[in-house]
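Asks: Got a structure for you, written out below as structure tokens; questions coming shortly.
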Amino acid sequence: SVRSGPFGQIFRPDNFVFGQSGAGNNWAKGHYTEGAELVDSVLDVVRKEAESCDCLQGFQLTHSLGGGTGSGMGTLLISKIREEYPDRIMNTFSVVPSPKVSDTVVEPYNATLSVHQLVENTDETYCIDNEALYDICFRTLKLTTPTYGDLNHLVSATMSGVTTCLRFPGQLNADLRKLAVNMVPFPRLHFFMPGFAPLTSRGSQQYRALTVPELTQQMFDAKNMMAACDPRHGRYLTVAAIFRGRMSMKEVDEQMLNVQNKNSSYFVEWIPNNVKTAVCDIPPRGLKMSATFIGNSTAIQELFKRISEQFTAMFRRKAFLHWYTGEGMDEMEFTEAESNM
């Protein structure tokens with residue numbers, strides 16, 4: 001569907017790798033059996049692309065944690081790439097299972113086994129949540145029946161914002177490594193909540209220009225978070241804000257200080273200047289200005305607690321385990337993953 005779609009021409013045909021079967025929502029299949037057969041051909045493609053870079057910054061991977069392929073094979077791929085390029089940044093955009101909308105029964109298993117890997121092997125993980133995306137579509141964009149296309153539109157805005165400084169000139173540049181250095185106070189705490197402002201639906205990019213205060217206000221708003229966690233229930237360890245468009249740096253700095261002063265109780269006091277700002281001159285298409293928000297908040301634990309509770313409920317009864325042990329997994333792995341999370 002990618003090849004026949006409008007973007008089929010963007011990718012080189014020999015850079016497509018696909019297998020004959022899916023992992024059937026089974027993490028073990030993606031990580032140990034089916035995925036392991038494919039992973040070498042994927043690594044060949046990665047190697048070929050990496051060799052043609054003059055200065056490789058790192059890798060970005062988009063996957064879901066609820067299924068089998070994205071979670072199982074995705075984490076396998078991460079650990080393999082990590083082996084081969086240990087000093088390069090590893091970034092993931094991970095779609096975490098949402099609290100109310102569940103696609104598969106075994107989501108908690110797959111997600112827990114994946115987080116177990118992500119904690120060790122990635123430098124920054126952006127937690128994206130379908131439910132939070134649906135909420136943004138309903139509440140803010142007033143869409144009655146959001147499609148995956150609408151959800152993807154939101155995610156792509158964030159992804160574009162995170163990498164914008166690598167791709168365009170700006171007054172205050174940040175790249176993936178600078179982000180990681182500024183955002184991760186302790187190596188395991190690299191799970192971020194993304195946000196974006198101004199929120200627009202796909203067809204109707206807004207016609208009115210926003211001001212810097214409005215952008216700042218909007219991007220710190222809990223309703224703008226793309227993970228189903230409420231930042232007001234926790235505190236920010238660090239925050240990164242990436243502004244795009246022509247704007248006064250002075251105003252940006254003032255607004256960012258303003259937010260920290262007004263809401264100082266939501267920022268930990270033991271990291272004094274914990275907001276990193278980057279400004280890039282070129283705005284996204286159709287907007288005059290935009291801002292991407294990346295928060296490393298303690299509230300992200302809500303998400304892990306939720307998955308963990310569901311995991312425990314099923315694991316206590318050993319429900320569905322035979323699908324995993326049948327692919328050669330051990331119950332110990334489950335116990336380890338649970339305690340690591």
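Even glycines carry a Cβ here, placed using N, Cα and C.
For reference, Swiss-Prot lists these features for the protein:
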type: BINDING; residues: S64, G68, T69, G70, N130, N152; note: GTP binding site
Asks: With GTP as the bound species and S64, G68, T69, G70, N130, N152 as its recorded binding residues, calculate the greatest Cα-Cα distance and give it in Å as a whole number.
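Replies: Between the outermost Cα atoms of S64, G68, T69, G70, N130, N152, the distance is 20 Å.
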Asks: Three states by DSSP: which one describes G68 (GTP binding site)?
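Replies: Its secondary structure by DSSP: coil.
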Asks: Look at each of the binding-site residues, S64, T69, N152, and point out the one with the fewest other Cβ atoms around it within 10 Å.
Replies: N152
Asks: If you count other CB atoms within 10 A of each CB, which of G68, G70, N130 wins among these binding-site residues?
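Replies: Within the set of binding-site residues, the most crowded position is G68.
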